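Colleague: Supplied in structure tokens, the structure appears directly below.
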């Protein structure tokens, strides 16, 4: 059935979306990450010129108004809560039987060593739970078997090496071989996550630095978390001037970034202005400062997500976030390329805590990731 001229192509969703779904949309479950996605979008044109989305549709054009308001007040350091519903509906790909494997996203996690095997698993499996079709992990040989045993859904590559397993006279050749092996896959990925379970071995970090440079040359969005932030803090050129780089520091990682880049301590009195300055100083990156309230900026605007998640601060929740952000970043970029671009993790954490209370662990939160997206974009539609 053809729709009337000027009608919103998503009108059926607006009409059928129950109140409960709208409550999910307004929740932190999507606001937290979708602010990051909006940062990846180019500045929007006037509503009347957005292809397929007439200005008469308030839901589909609301993110345009939000961006305009942000731009007007950015200089004043105003902090906004994100409007996620319109954005998530626009970027989430439909579950179409005509689509083939991989079209909903191919994500790669770069991390995993002898000491840390859980973090890369959490990031990679979260990407699948949110909706990516394929999730890869590039890790050391010591970590590969362990990570493979966690889940048969993950594609695990035992490619990375640590210093103890490489002779000094072999470092150059081994590093080149690692980059070549990862490079064979790079063009297939929609986004990579660097850092979960990476560790701080000097040779391994050098190899990952080369991988990040290769990803940048290939224009692959890169989410940097965990020890990837340690690497970037000590080598800012890896992300300087890269609008496809998303940094997700916790309070300690953010403090180190501020001290390194701005040569000062974190100032709570001017937190939003300092975050904007940090993004601008690094150049074009998006930063999500995790904490009691998550604060997100692309160097132009600042958005805060303060809705309650879970009081349980078990390890691994940041890894869930990085894997989820990678999926949304890939969907947003695909939307931009074919049409003209956080909250989910907090909502999932809240539901997991309601069910498990003090025994809540990271795998319980992962269980609710799919539900968070389903309430916004039902699979049957």
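Cβ coordinates come from backbone N, Cα and C, glycine included.
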Colleague: Going by Swiss-Prot, 197, 250, 251, 252, 253, 254, 255, 256 bind (6S)-NADPHX; tell me which of 142, 298, 319 is listed for that site too.
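Modeller: Record check against Swiss-Prot: (6S)-NADPHX site with 197, 250, 251, 252, 253, 254, 255, 256, extra candidate from 142, 298, 319 is 319.
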Colleague: Whole-number Å distance between the CA of residue 251 ((6S)-NADPHX binding site) and the CA of residue 292 (ATP binding site)?
Modeller: 9
Colleague: Return the member of 290, 292, 294, 318 nearest to residue 197 ((6S)-NADPHX binding site) in space, with distance defined Cα to Cα and candidates limited to these binding-site residues.
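Modeller: Result for residue 197 ((6S)-NADPHX binding site): the nearest of the binding-site residues is 318.
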Colleague: Can you tell me the mean pLDDT for the domain 'YjeF C-terminal' (84-376)?
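Modeller: Per the prediction, mean pLDDT sits at 85 for the domain 'YjeF C-terminal' (84-376).
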Colleague: Measure the Cβ-based neighbour count of residue 255 ((6S)-NADPHX binding site), defined as the other Cβ atoms within 10 Å of its Cβ.
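Modeller: Looking across every protein chain shown, the total is 14.
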Colleague: 290, 292: which of these binding-site residues has the sparsest Cβ neighbourhood within 10 Å?
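Modeller: Per-residue Cβ counts within 10 Å for the binding-site residues 290, 292 bottom out at 292.
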Colleague: So the record assigns 197, 250, 251, 252, 253, 254, 255, 256, 319 to (6S)-NADPHX. If I measure every Cα pair among those residues, what is the longest distance in angstrom, as a whole number?
Modeller: 20
